[in-house]
Amino acid sequence: MSAVPLRNNKAAASAVRSVTVLGATGSIGDSTMDLLRASPERYRVEALTANGNVEALAKLAKEFSARFVAIADTSKFAELKAALAGTSTECGAGESAVIEAGARPADWVMAAVSGAAGLKPALAAVDRGAHVALANKECLVCAGDFFMQRAAKAGACILPADSEHNALFQALGSGNRDELVRVIITASGGPFRTWKPADIEQATLAQALKHPNWSMGQKITIDSASMMNKGLEVIEASYLFALSPDEIDVLVHPQSIIHGMVEFSDRSVVAQLGSPDMRTPIAHCLGWPDRIKGPAAKLDLAKIGQLTFEAPDFERFPGLRLAYDSLRTGKGATTVYNAANEVAVAAFIAGKIRFGAIARLVEATLEDWIRGGNQTPLTSADDAISVDHVARNRAAALLPQIALKAS
């Protein structure tokens, strides 16, 4: 049984939905709070969490009368308590408090804590059978099989909040699993779509941060430029929808209007379209199984005029090939892929390596990990976190020689 509900069940909706937002002060959290703000009669806030932004967290807690808030940075606990003095909001700090937020009795949970730190709080929500809007990629990339099996066992409902996976989620409802031929994830191609590989190698940080369509954080914008983000999305789609690598294609679509497509056995292709605005997939998750009014701009296809497509270039973007390789290898390889990429991107931002070295460091780390015979099925959150830690250390150790080769 899948934890992703591919058939709409109208009986699942309730009049007033209690909501928890894990990562309320980040970009996804901000978009979620924007939607909650627009429909106060539909939602009640149970819990909110943040990493270290006390001011923003306290402000949200007061605005939405949150019952519980948690700050991950324990050094900020006293400041948070002082900011909420005189309110009825309970406060907590540290990893255990963030996990408690996920475990509290909310109907719907936005899992938007970034990094491996988001895995255990999301699992806390999953274990009590909540509706979980999943925006944390580590839950799937680092622990996909384990996470989805645990969700299905608990009767949790996993709602994909990422734009591409949400598009597939909507399109997959048009047929049955045995009728599916393939899913197609679209990619803008990023700022280097038409660049020569030699020029991409030398790309600067400023150039990598000029995304043509989306406004995102620094890390994900660089991942888009390298197409590592699309590799991560391929991995996520595999675990979310129980797909083999051969059932997942990537198609470059520079306009970012079609977010995902599904081909069925009768050769019908069902697509989801929309303006590039993260609030649209979040609104779909927040309203599910109903639809709520969203704030995104109305899609005007006549004004856009033309939608174009092209195959991805694996020479320009080797990170995409490595994602498929790691997915086929399995047994923790996707965790290594993600961890090595995070180390590589941080090194690029710090000026320690060239842009082209990002994929080389990921490949070197994967090869080193496979040679070491470390492949093993991940059966717990701690297993995933351990592999993530080992991979980061190996990537950091390999970094100097990768940087030297590129110089």
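Just so you know, glycine gets a Cβ as well, placed from its N, Cα and C.
Site annotation (Swiss-Prot, ligand Mn(2+)) includes D162, E164; from E79, E90, E233, E247, the additional listed residue is E233. Binding of 1-deoxy-D-xylulose 5-phosphate is attributed by Swiss-Prot to S163, E164, S188, H211, S224, N229, K230, E233, and within the candidate set K120, K137, K293 the record adds K137 to that site. Per Swiss-Prot, NADPH is bound by T25, G26, S27, I28, N136, E138, G217; the candidate from N51, N53 named for the same site is N53. The residues near the Mn(2+) site, meaning same-chain residues not in D162, E164, E233 whose C-beta sits within 8 angstroms of the mean position of the site's C-beta atoms, are P160, S163, H165, N166, A167, I185, N229, K230, L232, E236, A237, H259, G260, in sequence order.
The binding-site residues recorded for this entry are T25, G26, I28, N53, and the Cα of I28 lies nearest to that of K137 (1-deoxy-D-xylulose 5-phosphate binding site). Working note on the binding-site residues T25, S27, N229: by count of other C-beta atoms within 10 Å of each C-beta, N229 ranks first. Residues near G217 (NADPH binding site) in space but far in sequence (CB under 8 A, at least 6 apart, same chain), listed by position: S27. If you compare every pair of Cα atoms in K137, S163, E164, S188, H211, S224, N229, K230, E233, the residues listed for 1-deoxy-D-xylulose 5-phosphate, the longest distance is 20 angstrom.
Under DSSP, N229 (1-deoxy-D-xylulose 5-phosphate binding site) is assigned to a helix (H, G or I) in the three-state scheme.
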